[in-house]
Each structure stands twice: as C-alpha cells, then as structure tokens.
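Copied from TrEMBL, the annotated features are:
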TRANSMEM  135-158  transmembrane segment
TRANSMEM  174-191  transmembrane segment
TRANSMEM  198-214  transmembrane segment
TRANSMEM  263-279  transmembrane segment
TRANSMEM  326-343  transmembrane segment
TRANSMEM  355-373  transmembrane segment
TRANSMEM  415-431  transmembrane segment
TRANSMEM  443-464  transmembrane segment
TRANSMEM  476-496  transmembrane segment
Amino acid sequence: MAKPKKSRNSAPDPSVAARLPWQPSAPPLATALLISFAALLLRALVSVGPYSGQGAAPKFGDYEAQRHWMELTLHLPSSDWYRNTSDNDLAYWGLDYPPLSAYQSRLHARLINASLPDAVALRSSRGFESHESKLLMRWTVLSSDLMVFFPAALWFVWAYIKDGVGGSGERREGWMWLLAMVLLNPCLVLIDHGHFQYNCISLGLTLGAIAGILSRNELVAAALFSLAINHKQMSMYFAPAFFGHLLGKCLKRKCPIVEIMKLGFVVLGTFALVWWPYLHSYEAAMQVISRLAPFERGLYEDYVANFWCTTSVLIKWKRLYAIKPLKLMSLSATILAFLPSFIQQVKSPSNLGFLYSLLNSSFSFYLFSYQVHEKSILLPLLPASLLALHEPHLHGWFTYYALFSMYPLICRDQLLLQYIAVLGLFVLIYYSPGGNYGKGTNISSGTMAVLSLPLLCSILLHTVYLQIEPPKRYPFLFEALIMFICFSQFIILTLYTNYKQWMLDFHPRPVGSKKDL
C-alpha cells in the first residue's frame with residue numbers, strides 16, 4: 001500500500017516553532033554563537049549605566065581605582081608600582097593586586113593613551129571622567145571578558161558534556177542551557193560591567209583551569225590557575241580544591257612523585273615569569289606581598305553576609321580582639337571549614353567531586369576568611385553555575401541570594417534598573433521551556449514552605465530598603481537584615497554541598513576511576 005504524501009504547505013509544528021536555542025533541534029555551533037552574542041549584548045547594555053563612584057569626589061570608586069592603576073603602570077617603572085613615592089601615593093588607590101593585574105593595567109593604559117592621553121596622564125588625571133573615557137574603559141572590560149571568560153566557558157561546557165561529569169541522568173543537549181547559565185551570570189555582569197571591575201579575567205583563567213582538569217590537561221590547568229592567582233589573590237579561595245584534587249590524582253598513579261614534581265615545576269615556573277621584575281631582591285618581593293595582604297583594613301568590609309560580619313551584631317570582634325588574634329581565628333576557621341572537602345578529594349578524586357570541592361572551598365573562604373567584601377561572593381558563585389545541570393535548584397537559589405547580598409552596593413552605584421533587568425532575564429532563562437529546572441532533586445512541599453519564608457522577606461526588603469528610612473539609632477538596619485537573610489541561606493547551602501560531596505563516595509560509579517584519572 002502506497003504511503004500518503006505529505007503536503008508541502010502543511011503548517012509547522014507549534015512545538016518546533018516555539019523551541020528555544022538550548023532545545024535539542026538547534027545547530028550546536030549556531031546556538032553557542034547566539035548565546036555568546038546575547039551574553040555580550042547584555043554586558044554592553046549594562047555598561048551604558050553608571051559606575052562605582054561616578055562623580056563622587058575626592059576618592060570616587062573602583063572605576064577610578066582601575067583608571068589610576070593604568071596611569072601608574074603606564075608612567076612609572078615596575079619597581080615603583082607598589083612603593084610609596086612622590087608620584088605614587090599608596091593612600092590614594094594604591095595598587096593591591098598581584099603583578100599580572102598590573103601588567104593588564106599597563107596594556108589597557110597603552111590602548112587608552114593612544115586615543116585619549118588625558119585620561120591616563122600622570123598626576124593630572126586624578127578623578128578624570130568623560131563620556132569618551134568611560135566608553136574606552138568599558139571596552140577594556142568587554143574585550144577582556146570576550147577574550148578570556150567566553151572561551152573558557154565554551155571549553156568548560158565542551159569538557160563537561162564530553163566527559164559526562166554529571167552522570168548518565170543528564171541530557172547531552174543540556175550543554176546549551178548550561179552555557180547560558182555560565183555566561184549570563186547576573187552578579188558577574190553587574191559587578192564587572194556595572195560597578196566596574198575585571199573579575200572576568202581571574203575567573204576566566206580559573207574556569208579555563210577547571211576545563212583543563214576535566215579534559216585531563218593537568219599541566220595546562222596548573223599554569224592557568226597560577227595565572228589566576230597572580231591576577232587576583234582572591235583566586236586562592238579555590239586553591240584547596242585544586243591542590244586536593246590534583247594530589248589525589250597523583251597519588252593514584254604509577255609514579256606519584258614524578259607527577260607531583262611536574263605540577264610543581266609548572267606552578268613555580270609560572271610564578272617566576274610573572275614575578276620576575278621583583279625577584280632581584282627580598283625587599284622588592286616583600287613590598288609587593290605586603291600590598292596583597294591589607295590586614296589594616298579590618299576583618300570585613302561593609303555588610304558582607306559572612307560569619308564575622310553577621311555575628312558582630314552580638315560579638316564585637318573588632319573591639320574585643322587585635323588584628324593578630326583575629327587573623328589566627330579566621331585562618332583556623334577557614335581551614336576547618338574546607339578541610340572535609342579537601343580530604344574527600346585527596347581520598348577519592350573525581351571530576352564531579354572536584355566541582356563540589358571548588359564550591360565548598362570558596363564558600364569556606366567567603367564565610368570565614370579575613371578581609372572579605374560583598375563582591376567576593378562571585379568566587380563561590382562560579383562553581384555553583386558550573387553545577388547548574390547537576391544541581392539546578394542549588395544554582396538558582398544561590399544566584400538569587402548572591403545577587404540580593406549585593407543589593408545595597410548596587411543601589412549605591414545607582415544600578416537598580418540594571419539589577420532588575422538582569423535578574424528578570426536570569427529568571428526567564430532559568431525557568432524557560434527546554435531548560436533544566438525541575439530535572440534535579442525533588443523538593444518536598446514542607447521544605448519549600450520553609451525556604452519560601454526568607455524568599456518572601458527578601459522580596460519585601462527590596463522595596464523597604466528604597467522606600468522607608470531606617471531608625472536614626474540603627475541607620476544600617478536594613479543592610480543588617482539583608483545580611484542575616486543571605487548568611488542563613490549561605491550556611492544552609494554550604495552544609496548541603498559538603499554533604500553531597502561526601503555522598504559521592506557511595507555513588508554506584510567508582511570515584512577516582514580511570515576515566516577521571
């Protein structure tokens with residue numbers, strides 16, 4: 001019997017027409033380019049808004065700090081970048097990042113100097129602001145993001161899906177949604193392209209190192225992570241996870257000493273290249289190191305949602321203890337917090353365990369280390385976004401509260417419109433058809449009811465913070481409430497992720513199998 005011919009003019013399938021880019025029928029290359037372009041466009045739109053300290057003389061904000069570092073690195077020799085001189089007043093936004101960050105400032109300064117030399121002129125450019133200089137400065141961040149973070153994100157997603165890190169339960173076409181979650185991170189977009197920083201470089205190098213480990217290029221990973229540390233010292237938040245995972249792998253191979261030595265040579269060689277201008281004398285090296293550890297700034301900054309700031313409402317840490325005992329207490333608490341995660345990876349290294357370990361290690365530093373500010377939440381948020389396919393509920397929950405924890409900072413920067421826009425876009429993509437929400441762990445109605453209480457409070461506080469004046473006796477009451485809510489959620493999340501990491505030892509797939517090693 002002849003098969004009936006299909007009509008050429010038949011209407012298209014509505015389900016096909018409504019497909020989103022990350023649904024399985026889309027061509028992979030075109031989809032990756034489309035998602036990347038959308039992420040780049042979002043960054044460009046956010047960058048049109050104001051930046052940190054705009055028009056706020058005499059010290060302005062992070063925008064002026066980055067511009068000032070360009071000015072210094074362009075005109076002064078590297079030996080004077082970290083020293084107090086007549087041309088370099090360390091009290092006015094002194095350089096306090098490692099040498100790689102200084103080299104990046106010098107490169108960007110050369111580009112800006114070619115078009116607008118007044119913006120980076122020595123001494124006379126302090127507080128320089130113009131539409132043209134803002135455009136040039138914004139383009140340096142956009143180009144850095146495009147050249148470092150975007151390729152690293154694509155490499156990670158490719159390695160994650162190729163290796164099957166999340167297990168057989170994850171759909172391979174989910175890589176498109178995962179890429180969207182990584183590139184459209186609302187917190188990173190707002191801080192780098194709104195507030196104004198270059199976190200995309202250090203986080204991009206770290207992400208490249210993670211991708212290197214997933215694709216079993218450990219030496220490349222060691223070099224990239226060393227570069228990340230030498231760009232921003234806060235990348236050390238991930239160091240226990242990298243060290244524990246690589247050590248655990250090396251110990252399970254035929255010649256562990258040789259494997260460890262190879263990694264050690266790569267790390268030492270990378271550090272030597274970056275620090276070469278300062279290795280001629282002990283004094284020069286120590287001058288840089290002293291600038292990287294600003295203990296005089298105190299235990300924390302502003303109302304950061306970590307242990308020390310939250311508990312300071314009851315225990316006045318800064319009044320009761322000097323800097324030295326506070327450093328010891330914070331160091332001890334941080335080590336105790338990341339130690340279980342570290343031990344698990346040394347004992348049973350696996351790629352999925354490594355991603356959990358990155359999250360647990362960075363959370364430990366954020367919650368307990370010395371001199372943490374609210375923007376540091378970007379570090380644990382990176383591995384949380386990498387686990388989005390495996391832990392969609394955790395990723396969505398954490399992203400919301402990470403963004404909420406920076407709400408007072410965003411309001412000070414007058415980026416409320418951008419805040420609402422990127423949060424709305426994230427929610428739309430997160431809950432979109434074809435996404436991965438709802439395909440993870442089932443949450444009971446009782447648990448959802450408990451979790452809904454802080455969510456409702458946070459939604460209410462968004463309006464209260466803008467519309468109601470706090471009591472004169474407690475001028476920072478609303479900041480404190482935001483801090484309490486976010487801290488409570490961060491503690492719950494870190495306990496959960498530590499539990500999930502240790503439960504990997506009971507997973508049917510042998511942890512630390514040859515596939516991961």
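Placed from the backbone N, Cα and C atoms, the Cβ positions cover glycine too.
Proximity of the transmembrane segment (355-373) to the transmembrane segment (476-496) is established through 3 or more Cβ-Cβ distances under 8 Å for residue pairs spaced 6 or more apart. Scored by C-beta pairs under 8 angstroms, the transmembrane segment (174-191) has its highest count with 415-431, from the stretches 326-343, 415-431, 476-496. When Cβ-Cβ distances below 8 Å are used as the criterion, the transmembrane segment (326-343) is approached by residues 240-241, 243-244, 295, 299, 307-308, 317-318, 356-357, 360-361, 363-365, 367-370, 494, 498, 501-502 of the same chain, each at least six residues removed from its ends. Beyond the ends of the transmembrane segment (198-214), by six or more residues, the same chain brings 66, 101, 104, 140-141, 144-145, 148-153, 155-156, 158-160, 163, 165, 182, 188, 191-192, 220-222, 224-225, 227-228, 231-232, 234-235, 238, 242, 245-246, 351, 354-355, 358, 375, 378-379, 382-383, 386 to within a C-beta distance below 8 angstroms of the stretch. Per-stretch counts of Cβ pairs under 8 Å to the transmembrane segment (476-496) identify 443-464 as the leading one among 135-158, 263-279, 443-464.
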